[in-house]
Amino acid sequence: MEQCACVERELEKVLHRFVMYGHQSEERLDELLRSVCEIRGQLVAFGVQDADLSVLFQTMAQCCKNIKETVQMLASRHKDIHGSVSKVGKAIDRNFDAEISAVVAETVWDTPERQKYLSETIVEHLYRQGMLSVAEDLCQESGVVIDMSMKQPFLELNRILEALRMQDLRPALEWAVTNRQRLLDLNSSLEFKLHRLYFISLLSGGIGNQMQALQYARHFQPFASQHQRDIQILMGSLVYLRHGIDNSPYRSLLETDQWAEICNIFTRDACALLGLSVESPLSVSFASGCMALPVLMNIKQVIEQRQCSGVWTHKDELPIEIDLGKKCWYHSVFACPILRQQTSESNPPMKLICGHVISRDALNKLTNAGKLKCPYCPMEQNPSHAKQIYF
């Protein structure tokens, strides 16, 4: 991040100079324009014959001199800006490595099968982003065939999201009602939040929507047990409808960030029903690579400086563990091979120094006198060195 901050500082200097250059240029040009207009007005008012030619000559000469000096000044300052722009390029070259092939496996995409996987991943990402025409063009050019059953969920997802961005709740409500039971199985509050937002949109219409809002409140009945407090707040806001909700203690109901929130909730729950990750695999991989690349470049540089070429021979394996943060921890259900139990938040999987993974309960039971012997290898280790995998 320090490298990005360094480049950003240079870029801010350039932008500041551009703004100052623009303001100064406008001021000087306006001054010249006023001066020329004054001379022109005098000539029109008095005429060339009545004017003193020597005074007119001096005035015109001074005006031409001012114009020339202004042009030279603007050109000089424009050259200074070129110097600042070149400094940005130098800052990028100084803080970032243009050549990253040293940490990339040359044969990673060398087979048609792997290229096909990459193209499919890119197409899926484009479908997720709603770039349907671009995805279709990529399919045609790369020869990738995407089944309609895979494409259809993304089409519906993007259609509903586009409607939500336009503050149209009807498509999302229809989808939520259709998938009500599946959403309840996920313990999702999406349908209630959609009804809540629709009710708030009626409130924002003023006293004219009072009866319509009261009638629509019947949709809250199935959610009364789980969202009683929220429903009470919504019904209490009706008291202030005549004077305007924005001038009442319930003005927070009209906050505009609720639309962005409902888009995120819909995306999360819809992807869960479709068996998809919330974020695109391509974007997650790209973000992880951006985090890991600086570390790998530093490791490669250290290895070359110390002439330890044999330390990192397989480029499909990392020489050290790189922490990408909990956001990038992905896992399936893990069953402890010792106790034959699925792990949970209270009993998470623990990775031993030797690389084997067992549950925390098994770790505690195998610990004896502050020492632990791995049940799969003879390595004896300190149980406090075990690392939690997730949760």
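Here the Cβ of each residue, glycine as well, is placed from N, Cα and C on the backbone.
As recorded in TrEMBL, the features of this protein are as follows:
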- 153-210: domain 'CTLH' (DOMAIN)
- 336-377: domain 'RING-Gid-type' (DOMAIN)
- 336-377: zinc finger (ZN_FING)
DSSP-derived helix, strand and coil totals, residue by residue, for the domain 'CTLH' (153-210): 46 helix, 0 strand, 12 coil
The domain 'RING-Gid-type' (336-377) - residue tally per DSSP class, helix then strand then coil: 7 helix, 11 strand, 24 coil
